[in-house]
Amino acid sequence: MAKEDNYTKDGTVDYQGNPANRKTTGTWKACPFIIGNEFCERLSYYGMSSNLVLYFKKRLHQHSATATKNNSDWSGTCYITPLIGAFVADAYLGRFWTIACFSSIYVMGMTLLAMSASVPGLKPKCYSENDCHPTEGQSAVCFIALYLIALGTGGIKPCVSSYGADQFDEADEDEKRQKSSFFSWFYLSINVGALIAGSVLVWVQNNVSWGWGFGIPAMAMAIAVVSFFSGTRLYRNQKPGGSPLTRICQVMVASFRKYSVKVPADKSLLYETADAESNIKGSRKLDHTKDLGFLDKAAVELQTDHLKGSVDPWMLCTVTQVEELKSVIRLLPIWATGIIFAAVYSQMGNLFVLQGETMDARVGNSNFKIPSASLSIFDTLSVIFWVPIYDIIIVPVTRKFTGLSSGITQLQRMGIGFFISIFAMLSAAILELRRLRMVRRDNLYDAKLVPISIFWLVPQYFLIGCAEVFTFIGQLEFFYQQAPDAMRSMCSALSLTTVALGNYLSSLLVTIVTSITARHGKPGWIPDNLNYGHIDYFFWLLAALSVLNLMAFLLISNWYTYKRPVGTLR
């Protein structure tokens, strides 16, 4: 079993009084097993999901809009369930056992999905490539498997990046710098897995069978579990700090109960434990901050708070507990701005794939055709290109001007990503405009393919990848650093819900656009035959929303107040 470590008064990990543990656990000695787990899990996830919209359309016989909506809904759920896993990790099991338990559910779902695509009776009966007739039961088995996967991934996503960061001691300057690099290389491992999935596994699905196409990801997930357990003796663990939701509710109830109480001008009079350590397991004490002053009422001591000897946490809370809630509230506006970006990002698995299906997929003059879903490898290659560029070149150069160890702040990093994502949507819209002009000019409305190379999609994938390196990695590190110590899994899950809500927003926009534009016999913006549609209008819409979102983000970033652990400068 992994070693149990506790936070000491200054926020560093207590190695159980044994100095040898500090040298033999954590840091990059433990991280290869965590990164190996993430690589295999992402290979499994993307190997199964990259082509899912086409599986819905071709094997489950769904229309384009329906397949896109179902794919968005499922993808969104995969980023909502982390709230469940995060709560379990922070309140009860800790990150190690949460990852271990939910991984088993994940493997079950992947196995069932592979069986639904390969076992006679479970897989749909097909008479040709595009002529399949699944029964309701067969469709149900597929979706049960997918939502088991969604539940399983919910225990891994919010915990694994935080668990990796836990292996570095924030009080050690050298380890602190290593932790900043960890997030970049962690995200790189995700994209190497996605690269293999988007190329090799998508090709297997299109040219060998869906059974093997889903079976190989199932085996990859089993390897992920083995990789994770292989590093057990090297991990540094933090004990769960109890239910974060209970602590949040206690602050809210106590502040409302004392709504008429005046907060003292001298904030040192607010209630805090006399001990050097916080009374919350796994958490450092936090300094008082000036904003959201109403919540400070929960920490105002009255004589009645001590009548029964022990303090009632529903009447009186510590400053640290109040600051926990403040930290979460301050994160919410930043969190909300990630939703539009996630809606843009989700197009790689939806409209970008359908757009590519209408284009010439031949590589050069050969007969080899690249599946449209495989173009996601260019997003991955973009990430693989930009991560080392950012870590090795951009950070050292900007550090000379800013004096920050990270070069630029995480908020600045996210803002740059938002800006780049606008150009990804502009690129997609301009390409579709050009494709539709060719359709009208040559009367190709009923043609299966338009004579324009699928590789014209590469710029929009490359721009999305570049935006990811700035936004998603910045978001990972920002939510980890600004989260209260005992709520890091929960706040990591919160950051992931932007992807869920981005998928749901994309699904909602598709539904609204279809209902408005497909009236009175009109094909609408997103018909089954895109040659009659206008998905360029949809891309223009997302570009406009992205501009508004960037403006909102800039305003919110200027307002943001950073948390301050006791004893730190900031």
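Just so you know, glycine gets a Cβ as well, placed from its N, Cα and C.
As annotated by TrEMBL, transmembrane segment applies to 96-115 (among others). Same-chain residues lying 6+ beyond the ends of the transmembrane segment (96-115) with a Cβ under 8 Å from its Cβ atoms: 2, 37, 41, 44, 48, 85, 88-89, 122, 141-142, 144-156, 159-160, 163, 211, 214-215, 217-218, 221-222, 224-225, 228-229, 232, 235, 237, 489.
Sequence-distant contacts of the transmembrane segment (185-204), counting only residues of its own chain at least 6 positions beyond either end whose CB sits under 8 Å from a CB of the stretch, comprise 34-36, 38-47, 50-51, 161, 164, 212-213, 216-217, 371, 373-377, 379-381, 383-384, 387-388, 391, 465, 468-469, 472-473, 476. Annotation comment: TrEMBL describes 185-204 (among others) as transmembrane segment.
Residues annotated as transmembrane segment in TrEMBL: 210-229 (among others).
Panel annotation: around the transmembrane segment (331-353), residues 49-54, 68, 71-72, 75, 372-373, 375-376, 379, 411, 414, 417-418, 421, 424-425, 428, 457, 460-461, 464, 467-468, 471, 475, 478-479, 482-483, 491, 494-495, 497-503, 505-506, 509, 526, 535, 538-539, 542, 545-546, 548-549, 552-553, 556-557, 559-560 of the same chain, lying at least six beyond its termini, place a Cβ under 8 Å from a Cβ of the stretch. Here TrEMBL flags 331-353 (among others) as transmembrane segment.
Summarising the annotation, TrEMBL assigns transmembrane segment to 373-393 (among others).
Taken from TrEMBL, the feature transmembrane segment applies to 414-433 (among others).
Tertiary proximity for the transmembrane segment (453-473) is limited to same-chain residues at least six positions away from its ends with a CB under 8 Å from its CB atoms, namely 183-184, 187, 191, 338, 341, 344-345, 348, 352, 355-356, 359-362, 370, 372, 375-376, 378-383, 385-387, 390, 413-414, 416-418, 420-421, 423-425, 427-428, 431, 434. Annotation source TrEMBL lists transmembrane segment at 453-473 (among others).
Tertiary neighbourhood of the transmembrane segment (494-517): same-chain residues 65, 68-69, 72-73, 75-80, 82-83, 86, 157-158, 328, 331, 335-336, 338-347, 350, 475-476, 478-479, 524-526, 534, 537-538, 541-542, selected by CB-CB distance under 8 Å and a gap of 6+ residues from either end. Marked as transmembrane segment by TrEMBL: 494-517 (among others).
The feature transmembrane segment is assigned by TrEMBL to 537-560 (among others).
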